[in-house]
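Note sheet for the following structure.
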Amino acid sequence: MSKKLSLTTKIFIALILGVITGLVLHPLKDNPFVSKYLLNFVFNLLGNGFVRAIRMVVVPLVLCSLVIGAAGIEDVTKLGRIGIKTLVFYLSTTAFAVILALVGGNIINPGKGVRIGDIAVSEVTVSETKPFVDILLEMIPINPAEAMATGNMLQIIVFAILVGISLSLLGDKASNIKKVFEEGNSLSLKLVEIIMIFAPFGVYGLIAKTFTTLGYVALLPLFKYFIGVVIILFIHCLVTYQGILVLFGKYNPIKFFKNFAPTMMVGFSTASSSACLPSSLKSMQETFGVSKAISSFTIPLGNTINMDGTAVMQGVATIFIAQIYGVDLTMGNYITIILTATLASIGTAGVPGVGVIMLGMVLVQVGLPLEGIGLVMGIDRFVDMFRTMINITGDAVCTLVIAKTEGEQLKEAI
Ligand code: ASP
């Protein structure tokens, strides 16, 4: 047995310890020592200290990763029709995935019936219903510095995408600034890595606080959240993707799964889209017979910007968190979630656990408490395995559809 436990194992152990601590302390929750020193001091410090640290990195991470993501769009314009088709495919399937997650989340209601509103530290400030035109107008920042200072994610996203596109148009003339964003992105990811060292403590604090307050009734919502995400991921994979594959790719779904399963297993076991890149490319080119010209564009691009599984998790998690904090989401909130989660997918790096940090961006945008992240983080690795598998399957389906619509002869096509 190796001496060092992986971070995932540590977080999972922290979750179990947090649940046990909370269940033991629940009957004593009104005891002055428990409430003053444990709940409001120790658990609060650990849990909210961690949440504040995550919050610190959300804005720089989103800004840098999206600027770089958008700067890579130059390849899209170079590739003309194929580029546009791929981009439209990726963005629309992701938006659809979020809609599915929101509908499914409202049917499954993972957080209904359990209220931890009173232990939320940040005030819940979900905005009232706004006219759609205002939602659109307010996406355009009049002052990017203000958008960053107040953490207005949609405004930051719009600014980042425009900066990225401008950088790519400037080419060599702005290569230094581009480098600053690239290095800023590495820096932000390093910061995330450092903050994540403290994740077991943070998760312990947040979970212990929740379970001390609520007792065992808090187990059911977590379980429902997990099952809910997995079910919706499967629906997206089996219905949306296979429907598209049959309709536009003229490819038999059974054969698709038979041929792509090994790569899906790599995604499941590593929880990293990036780690699947070689296997995805090889499978597309050798097993499915897609040309290098198409697959060597669509697969790496999809790996970085197309994360339908992550978007599904973010949609369900947002509903889960809103419900347990007793917040009713408005239509305007739902539109905001669709927009933010779709764009968050562009900015999510294909490595384990980044999706749940990017969830912070969605929560901030709809005004939900970030502490919610701590609740889902304890089981996030398991969710990550399933969502990564769907992330890479989406890239493969897109590649086959593009190849087919470009008139390529696929192996084993219908
Ligand atoms: N692990 C995911 C991926 O690599 C990203 C995430 O959602 O955390 O695709």
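Quick reminder: no glycine exception, Cβ is built from N, Cα and C everywhere.
Keep in mind that this is a model prediction, so the values were computed, not measured.
What TrEMBL says about this protein:
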- 12-29: transmembrane segment (TRANSMEM)
- 49-74: transmembrane segment (TRANSMEM)
- 86-108: transmembrane segment (TRANSMEM)
- 153-170: transmembrane segment (TRANSMEM)
- 191-219: transmembrane segment (TRANSMEM)
- 225-248: transmembrane segment (TRANSMEM)
- 334-351: transmembrane segment (TRANSMEM)
- 357-379: transmembrane segment (TRANSMEM)
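Tallying C-beta pairs under 8 angstroms between the transmembrane segment (12-29) and each of 49-74, 153-170, 334-351, 357-379 places 357-379 first. Looking at which of 49-74, 153-170, 191-219, 225-248, 357-379 has the most CB pairs under 8 Å to the transmembrane segment (86-108), the answer is the stretch 225-248. With a threshold of 8 Å between CB atoms, the same-chain residues lying at least 6 positions outside the transmembrane segment (225-248) that come near it are 93, 96-97, 100-101, 104-105, 108, 110-111, 256, 308-309, 312-313, 315-317, 320, 376, 379, 382-383, 386-387, 389-390, 393-394, 397, 400-401, 404-405, 414. Within the chain carrying the transmembrane segment (153-170), a Cβ under 8 angstroms from the stretch's Cβ atoms is held by residues 58-59, 62-63, 66-74, 138-141, 144, 147, 177-178, 181, 336, 339-340, 343, 347, 361-362, 364-365, all 6 or more beyond its ends.
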